[in-house]
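Lifted from TrEMBL, the feature list:
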{"type": "BINDING", "residues": "G9, L10, A11, V12, M13, G14, N32, R33, T34, V74, K75, A76, N102", "note": "NADP(+) binding site"}
{"type": "BINDING", "residues": "N102, S128, G129, G130, H185, N186, Y190, K260, R287, R442, H448", "note": "substrate binding site"}
{"type": "DOMAIN", "residues": "178-464", "note": "domain '6-phosphogluconate dehydrogenase C-terminal'"}
{"type": "ACT_SITE", "residues": "K182", "note": "active site, proton acceptor"}
{"type": "ACT_SITE", "residues": "E189", "note": "active site, proton donor"}
Amino acid sequence: MKADVGLVGLAVMGQNLVLNIARKGYTVAVYNRTAERTKRFIEERVKSEKIVPAYSIEDFVNSLSKPRKIILMVKAGKPVDDMIGELLPYLEKGDLIIDGGNSHYADTDRRLKELAKEGILYLGMGVSGGEYGALHGPSLMPGGTRDAYALVERILMDIAARTEDGPCCTYVGDGSAGHFVKMVHNGIEYSIMQSIAEIYDLMRKGLNLSTEQIGSIFEDWNNGELSSFLMEISSKIMRWNDEETGKPLVELILDKAEQKGTGKWSTQAALDLGVPTFSMAASVFARVVSYYKEERQRLSKLYHKHLTLSESVTIEELEKALSLAYFLSYSQGIWLIHEASKTFNYGIDLLEVLRIWKGGCIIRSKMLDFLIELLKDSQDNLTFLNDEKAQKFVEERLDSAVKVSNFARSLAIPSPAINGCLDYLFSLTTDSLPANLIQAQRDFFGAHTFERIDKPGTFHVEWQPLD
Ligand code: NBP
């Protein structure tokens, strides 16, 4: 009997996704570039006959029922092109390749076009939820043609996470829509993670709370409006003690944050599309600067920041500040997705995007229900801010967020994500910005012209004699 679906790439994500698919009753053929990894997987984790290993591309492709459906879970970038190149000679028109990795959306568009010429269907699918999600139900963000999606809709719906609103999978849109949405999902993730990290930093350095105490507070918060996957894991991390030393492990972890690129790509896309994702960009830079550990160590001995301490903050104020940061992180991301959908004709339904983020994925949170409510009220409320309920929500938390920001500033504790969120909000809700001076400066040195507020037209002034 032929397999229903094939999967290439048996690292963390691939293995768990295969087990998930097989548990849902499908037969899966598996292949990995390094045969040893396939053997180990079969020996150590596979108990079901529904998972069939293949040790050559030809055997793998031949073991699949037609039209063939092949999920790639290999490292993003060249490995995806390499695998497609190896598969192509054995595929037939109408077969489907699904790239489930974190590919850059421009690569997905290129591959879609190249494969369409060969008659091969292609989906770029965001998969969120890490290894646990892959095994127990991820949030799936497939994009490409509807024909291609129709071939695998049932399987994807079956393996996705479920909430009371249905499976966390939807046809996201045309072209690279799925990978774009997954990329921005990760951009939001960067902003929320950084905001949580900043609050933790303030709690330990500003309020002198122990890691244990911070863990209890995070646990409490996870039962309230901050209820979310990232809050839940942060509370667990705070309570995790190192076996060897008995100390909280988090305090023993080197403060150099790694990144794989999706936050940077989101920021690059935001710059290209003209969307002011202040805190997303700041969170990428926060990871970048963390990497300069030796430089930071040297300079920290040189600079003694004798600042005037601002009024301290309460736990409730920290909670409100973080809640506002969550809200504004989603706001930036949804706006960015909307702008991309317009520019690239993705045809994305933002309500569906919010819905499929409710389960399985890293940025799942209780707040998504509130955002869905706001967007349902007015479909063009892309920042969520154009709504009385949102206005009330923001105003109830703003004082606290500003107090938190001031407290952090006065202690010289960096808080780029929280400040990025505040600058995003303040900039968007300020009628008069100092961009008038920027325009005057541009006209002064470059004759770039300006508009006026008191009459129509384009103006230029000879600010200084040329000779
Ligand atoms: P990795 O991103 O670490 O990739 C390892 C896999 O890629 C192995 O199967 C490896 O085969 C294969 N591979 C490489 Br590397 N180069 C190859 C090539 N030239 N040809 C064929 N195969 C090649 O694995 P992962 O962490 O499971 O992630 C898979 C994808 O899912 C990535 O795009 C990742 O960004 C994305 N993703 C990961 C997570 C997560 O939590 N890890 C979450 C969501 C999405 P080998 O065994 O022969 O070296």
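Just so it is clear, glycine is given a Cβ too, placed from its N, Cα and C backbone atoms.
Note that this is a predicted model, so its numbers are computed, not measured.
Cα spacing between R287 (substrate binding site) and E189 (active site, proton donor): 13 Å, rounded to the nearest whole number. Close to ligand 1, meaning a Cβ under 6 Å from one of its atoms, is not one of the recorded positions K182, E189, Y190. N102 (NADP(+) binding site) sits 15 Å from Y190 (substrate binding site), taking the Cα positions as reference. Comment: NADP(+) site residues G9, L10, A11, V12, M13, G14, N32, R33, T34, V74, K75, A76, N102; largest CA to CA distance 21 Å, whole number. There are 25 other CB atoms within 10 A of the CB of G9 (NADP(+) binding site), with all protein chains counted. Sequence-distant contacts of N32 (NADP(+) binding site), defined as residues of its own chain at least six apart whose C-beta falls under 8 angstroms from its C-beta, comprise V8, G9, L10, G14, T38, F41. Less than 8 angstroms from the CB of M13 (NADP(+) binding site) sit M73, G100, G101, V127, G130, E131, A134, each of them six or more residues away in the same chain. Counting only same-chain residues at least 6 apart in sequence, those with a Cβ under 8 Å from the Cβ of K182 (active site, proton acceptor) are N102, M125, G126, V127, S128, M141, T262. Fewest other C-beta atoms within 10 angstroms, among the binding-site residues T34, N102, are seen around T34. Sequence-distant contacts (6 or more apart, same chain, Cβ under 8 Å) of K75 (NADP(+) binding site) comprise G9, A11, G101.
Counting other C-beta atoms within 10 Å of each candidate's C-beta, the binding-site residues H185, R287, H448 are led by H185. Non-local contacts of E189 (active site, proton donor) by the CB criterion (under 8 A, 6+ apart in sequence, same chain) comprise L230, G263, I362, I363. The maximum pairwise C-alpha distance among N102, S128, G129, G130, H185, N186, Y190, K260, R287, R442, H448, the residues recorded as binding substrate, is 49 Å.
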